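The feature transmembrane segment is assigned by Swiss-Prot to 22-42, 83-103, 119-139, 162-182, 193-213, 233-253, 278-298.
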Amino acid sequence: MSNDSSGSEWELYRYTPSKGAAIALTVLFIVTTLIYSLQVVWDARKASKPEVDNPFDTPVDKCESITAISLGENYKKLTVRSTFSAFIPLFFGCIMEIVGYIARAVSSSNTKEIAPYVIQAVLLLIAPALYAATIYMLFGRLLHVMRCESLMIVSSRFGTSFFVFGDVVSFCLQAAGGGLMATVNGRTTGSNLITAGLVIQIVFFGVFIINEFRFSYSVARVCPFYRHISKKWWFLNLTLMLSSILIMVRSIVRLVEFVEGYDGFIISHEYFIYVFDAVPMLLAAIVFIVGSFFGNIFTTITECQSLKP
C-alpha cells in the first residue's frame with residue numbers, strides 16, 4: 001500500500017458515504033436475489049420432471065445404454081441435485097452483497113463506528129469470489145456433459161478444482177485483509193493481503209476466460225454430438241463469459257484501488273464503489289437470470305443426456 005497517511009489523519013472513509021445509494025443497492029440486490037433463487041428452483045424442478053427418454057432424472061439402469069452409446073462408457077451421469085448445488089455459492093454471494101450494503105447504509109450514519117464499516121468492507125470484497133465459484137462449477141459441468149473436458153487448459157481431472165482452489169485462496173486473503181484494513185496498525189498488511197488476493201483472482205479468472213474462449217472455438221471439433229443439439233449450451237456459455245468479464249473488470253479496478261493506497265484517487269471517490277463494484281456484481285446476477293431463459297445448465301444436461309444412438 002503506497003503513501004499511507006499518518007494514524008492521526010486516518011479516517012474510515014475519505015468521503016461522506018451516501019446512505020441513499022447504499023439503500024438503493026440493498027433493495028436492488030434483494031429483488032435480484034429473490035428472482036435468481038426462484039429462477040434456479042424453477043429450472044431445477046422442470047428438469048426433475050420425468051420425461052420420455054430423458055435420463056437426466058431417471059434411474060441409471062434405465063438409461064445406461066443410451067448414455068454409454070451417446071456419451072461414452074466412462075461418462076459420469078449428472079443429476080439435478082448435484083447440478084443445483086453449483087448455484088449455492090452465487091446465492092450466498094448475493095446475500096453478502098445485501099448484508100454488505102445494509103452495513104454500508106448503517107455505517108453512513110456513523111462514519112466513526114468500526115463494526116459496520118468492517119462488515120461492508122469485507123463482504124463487498126469477498127462476494128465476487130462466491131460468484132466465481134458458481135461460474136467455475138457450471139463451466140466444469142458444461143464441459144463434462146458435452147464431452148469436452150479435453151479442452152480444459154489444466155488437467156481435465158482437476159480442472160474445476162484448480163479454479164475453485166484459486167478462488168478459495170483469493171477469498172481467504174481478501175477476507176483477512178478486509179478485517180485488518182479497519183485498524184491503523186494493520187491497514188498496510190491488510191491492503192497487501194487484499195492486493196495479493198485480487199491478483200490471484202485476476203490471474204485465475206484470466207486463465208478461465210481464455211479457457212471459455214477456447215471451448216467456444218473448439219467445441220464443434222471436440223463434442224461428438226455437436227450437430228445434434230440446440231444452441232442452449234451456447235447461451236449458457238455466453239452467460240458464464242459475460243459474468244466472468246464483469247467480475248474481471250470489477251477486480252481490476254479494486255486492485256488499482258489498493259495499489260494506489262489510502263491516499264489514492266479511487267478510494268477517495270465513492271462513485272467507484274458503485275460504478276465499478278456494485279453495478280458489475282448486480283449485472284452479473286441479472287445476466288444469470290436473463291440467460292436462463294435462453295439456455296441453462298439444466299436444459300443443456302437434459303438435452304445432452306437424452307440423446308439416442
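Heads up, the Cβ atoms here are built off N, Cα and C, so glycines get one too.
278-298 is the stretch from 162-182, 193-213, 278-298 with the greatest number of Cβ pairs below 8 Å to the transmembrane segment (83-103).
Residues 128, 131-132, 135, 138-139, 142, 146, 198, 201-202, 205-206, 208-209, 212-213, 215-216, 219, 266, 272, 276-277, 280-281, 283-284, 287-288, 291-292, 294-297, 300, 304 of the same chain lie 6 or more positions beyond the ends of the transmembrane segment (233-253) yet place their CB under 8 Å from a CB of it.
Sequence-remote contacts of a segment are chain residues at least 6 beyond its ends whose Cβ falls under 8 Å from one of its Cβ atoms, and for the transmembrane segment (193-213) they are 1, 125, 128-129, 132, 135-136, 139, 151-153, 163, 166-167, 169-174, 176-178, 180-181, 237, 240-241, 244-245, 247-248, 251-252, 254-255, 258-259.
Counting same-chain residues at least six beyond the ends of the transmembrane segment (22-42), those with a Cβ under 8 angstroms from any Cβ of the stretch are 84, 87, 90-91, 94-95, 97-98, 101-102, 104-105, 108, 274, 278, 282, 285-286, 288-289, 292. Panel annotation: around the transmembrane segment (278-298), residues 25, 28-29, 32-33, 35-36, 39-40, 43-44, 46-47, 56, 80, 83, 86, 90, 93-94, 97, 101, 127-128, 131, 138, 141-142, 230-236, 238-239, 242-243, 246-247, 249-250 of the same chain, lying at least six beyond its termini, place a Cβ under 8 Å from a Cβ of the stretch.
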